[in-house]
Amino acid sequence: MQELFNNLMELCKDSQRKFFYSDDVSASGRTYRIFSYNYASYSDWLLPDALECRGIMFEMDGEKPVRIASRPMEKFFNLNENPFTMNIDLNDVDYILTKEDGSLVSTYLDGDEILFKSKGSIKSEQALMANGILMNINHHRLRDRLKELAEDGFTANFEFVAPTNRIVLAYQEMKIILLNVRENETGEYISYDDIYKDATLRPYLVERYEIDSPKWIEEAKNAENIEGYVAVMKDGSHFKIKSDWYVSLHSTKSSLDNPEKLFKTIIDGASDDLKAMYADDEYSYRKIEAFETTYLKYLDRALFLVLDCHNKHCGKDRKTYAMEAQGVAKGAGMDHLFGIIMSLYQGYDSQEKVMCEIEQNFLKNYKKFIPEGY
C-alpha cells in the first residue's frame, strides 16, 4: 500500500492538470484522500501506478495512509485509442459486458457504515443519490452484503444511472448496476462467475455476453441505443468498444470541422472516442492530437500561473493581491486569467472549480489557440 501511495503522490507533483488529489472529511470525522486526473497523455499513463489514479481513495492519519478505503477500476481505454489497446489479439477476449452510460460509484466503509463515493468525491450529487438507493429498505440485503465485502477488504464498483443523470442514453429509473468487485490491497478482481453465484448481488449485476461471432466488433460499432461494451481479456485486463451511434451523439463527429467544437470535445473528455473512431484516418487522428496538445499545454501553463500566484499572495490584502494578480496575468499575456485568480481570493474551495473557469475562458478565446495549419 505504501509504495502505491508514494507513487500516486509523486504523480501529483509533476502537473496538477494531469494528476491531483483532494482531501475530504466524512460525517464520522475520518479524513480521506482521493487520487484522480484531469487530462493525461499516453506517456503519462506509463508512469508507475498512473493507471490507478482514477478515484482510488485512502483513509488518512495526517499525511500517513491508514488503508486503501476504496479501489475503483484502473484506467482503461478504447480499442485502438493508444498503444495500450493496439495490436490486441482478439482471440484472447474472454467475454464482453454492457457498457452502462452513467457515473461510476464505489463502496467504502466509513466506521461501521457502508457508503458510496464517486470518482472524485464522497459528497458529490451522484454519491449522495446512490447512498439514498442503498438506504432504501428494498435494498437492505444488498447494503448488508456490500458492508460484509467492505469489511473483508473489497470494493464494489457500480454504475449509477438516473433520468436526472443523463449522459446520452435515457434511463427511466434511478438505479445502481454492479460492474465488478475488486480487492483493495492487491487490485485483483473477483470473477464474474463468482459474483453471479451470489444471490444477493446477482440482481444488480451488469449483463454479460459470450462472443459468438468473429464480427462482434463490427456489430458493436454498428449498434444503436447502446453506449458499447467493455471487453474482458483472459488475463483480466479491459478495453472499451463504443458504438458509432453513441460517439456521434456524445462527441459530435462533426466537431472535426469546427475548431471550437473540437476544443469543446477535448475539454469534455470525449476526444478519446473520436481518436478511436478515426484510428485509421491519419490526418484526422493527427488533427485531434494537435488540438489536444495545444489545449493541454495551455492548461498546464494556466493552472500553474493561477495557483502559483494565489499561493504566493493569498495572505495579502485584497488591493495588493489584485495588483499582483493583474501583473502576473498581463505579464504572461493571459489577461483573461485575472478574474480566475481573483475568484480564488474570494474563496473558491476546489481545483475542480478553478479548472471549470479555465476551461470556459479558453473556449471564449479559442481562436487564439488553433494549431498552425488547421
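Including glycine, each Cβ sits where the backbone N, Cα and C put it.
Here Swiss-Prot flags K99 as active site, N6-AMP-lysine intermediate, drawing on experimental evidence. The ATP binding site annotation in Swiss-Prot covers Y37, R54, K75, E159, K240, K242 and rests on experimental evidence. If you look up Swiss-Prot, you'll see D272 marked as Mg(2+) binding site, on the strength of experimental evidence. The site 'Essential for RNA ligase activity' annotation in Swiss-Prot covers E159, Y246.
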Three-state secondary structure, which DSSP defines for D272 (Mg(2+) binding site): helix
Cα-to-Cα gap, K242 (ATP binding site) vs K99 (active site, N6-AMP-lysine intermediate), nearest whole Å: 8
Listed recorded positions (K75, K99, K240, K242), ranked by Cβ neighbours within 10 Å, top entry: K242
Y37 (ATP binding site): tally of other CB atoms within 10 A of its CB: 21
Cβ packing number for E159 (ATP binding site), 10 Å threshold: 21
Collapsed DSSP category at Y246 (site 'Essential for RNA ligase activity'): helix
Extent of the ATP binding site in Å [max Cα distance among Y37, R54, K75, E159, K240, K242]: 22
Rounded Cα-Cα span from K240 (ATP binding site) to D272 (Mg(2+) binding site), Å: 11
CB contacts for R54 (ATP binding site) [other CB atoms within 10 A, all chains]: 21
